[in-house]
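Quick look at what Swiss-Prot lists:
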DOMAIN    2-216  domain 'Glutamine amidotransferase type-1'
ACT_SITE  CYS88  active site, nucleophile
ACT_SITE  HIS196  active site
ACT_SITE  GLU198  active site
Amino acid sequence: MTAAIIDYGSGNLHSAAKALECAARGMEGLQRIVVTRDPDVVFRADRVVLPGVGAFADCRRGLDALDGMVQALTEVVRDKARPFLGICVGMQLMATRGKEHVTTDGLGWIAGDVERISPRDESLKIPHMGWNTLDPAREHPVLEGLPLGPKGRHAYFVHSYHLNAANETDVLARADYGGPVTAIVGKDTAIGTQFHPEKSQRFGLALIANFLRWKP
């Protein structure tokens, strides 16, 4: 089994690769983890990871700049139904559109817009940076066994925008930052986290391990 991490000029590639390698250690059947800019490698991969850091429009532009990459992603995830993990802006790109400074089309896998978070408590700063527990919205194999809820482990967030999903069933978990913030979305064989699992210590590694074992 091969897991491909897409390098499109945005994302903590080294951290993501190291986290996947650590989570996969001793896992039967996982042959290799590759960082790639080649859509053919993505097309042949058994699982795909799309990290992302920065502005939505910049990340979409970087993805579009890799000739054939969006098509490969669409075929692998939507047509071939292989597992996909989007991280931070990689998760936001799953949405219908992003509204960060300008309106930009997303991949359209999760109905909804990426909008600026607006905490009810004006003392809470944006960007939201720090550790939060997650409140589960529905069950999912990638969340199995993870310590969620107010007494669960914390995940690490750095963001100013989140995916406001149109369908409640696409939201797997939320965080509280002066109001609900979408933390995890999932639909069919695609899942996305607004937080950084590669920076979320044992909790993040457990989620990544579940993703690598997931057989939708």
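Each Cβ is built from the backbone N, Cα and C atoms, and glycine gets one as well.
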Which whole-number value in Å describes the distance between the Cα atoms of HIS196 (active site) and CYS88 (active site, nucleophile)?
6
Residues near GLU198 (active site) in space but at least six apart in sequence (CB under 8 A):
ASN12, SER15, ALA16, LYS18, ALA19, LEU20, PRO51, ILE87, GLY204, ILE208
Which value does the mean pLDDT take for the domain 'Glutamine amidotransferase type-1' (2-216) in this predicted structure?
96
